[in-house]
Amino acid sequence: MSHSDQSQRFLFDDTDVRGEMVDLERSYSEVLAKHPYPEPVAQLLGEMLAAASLLCGTLKFDGLLVLQARSSGAVPLLMVECSSDRQVRGLARYSAESIGADAGMQELMPEGVLTLTVDPVKGQRYQGIVALEGVNLAECLSNYFASSEQLPTRFWLNANGRRARGLLLQQLPADRLKDPEAREASWQHLTTLADTLTAEELLALDNETVLHRLYHEETVRLFEPQPLVFHCSCSRERSANALVSLGQADCERLLEEEEGSITIDCQFCNQRYLFDASDVAQLFAGAGSQGPSETRH
């Protein structure tokens, strides 16, 4: 079965709950193609890609959403980004010798910390931090929303190295249902039904089939899907700006240490940018050695 990478929003007409579903295949494959990840790492990275895409779909902003997990375990870093125009990228760092074939999130990232950052082009940056607790990433994110002053939100995530899928339910401010007990009963009803969805079903079924399987007795409005794509924002210009920010003296020292050229590798896509002495001289031509430029990078 062929699936296009997409996020798709839906609403329940009789209650104040919205949902989002995400399906990643090609973009997930492109992320994995950049690095030879062990299967458990690839699965967790896929779940994070799906989670970031789901969260981005719930926000109205122009900018970047970043999910980053750090730990002292076999996977010290997981990082994914999803932009407001639905471009995704991600990476993981790991120690292969200490990863079991069936390792879960807690085995891979013990004592971990998850950071959620929303970085708008205009406006104030938001950052939330939570311990990486729970059986899996979906539980960790659900607990974060439950413990913070956010709209109640639940996640269901799964990935298998080929396809990454996610389902999100979020309770909206009171509109259709004003009574607190009725709102809570409706929320519990919808999330309990979603809890019956198996990982195999989430990975194998399309959005309409999943929603019919769970909510055939509810009135659900499904919106047009929005495409998601892999895209890395690295460029030679950004790499050059990074060198300028170091200052001319440090760049000249690096040229000496690296035998005449400076290499900058993108950790997300493995693209390599080389700068020789002539390139570096051109970067600082007319600028003296005043240090960082005002160019944002």
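Note: Cβ is positioned from N, Cα and C throughout, glycine not excepted.
Noted from Swiss-Prot: Cys232 is disulfide-bonded to Cys234, selected from Cys234, Cys251. Under a cutoff of 8 A between CB atoms, and with a sequence separation of 6+ in the same chain, the neighbours of Cys266 (disulfide bond) are Cys232, Cys234, Arg272, Tyr273. In sequence order, Lys34, Arg89, Cys232, Cys234 make up the list of same-chain residues 6 or more apart from Cys269 (disulfide bond) whose Cβ falls under 8 Å from its Cβ.
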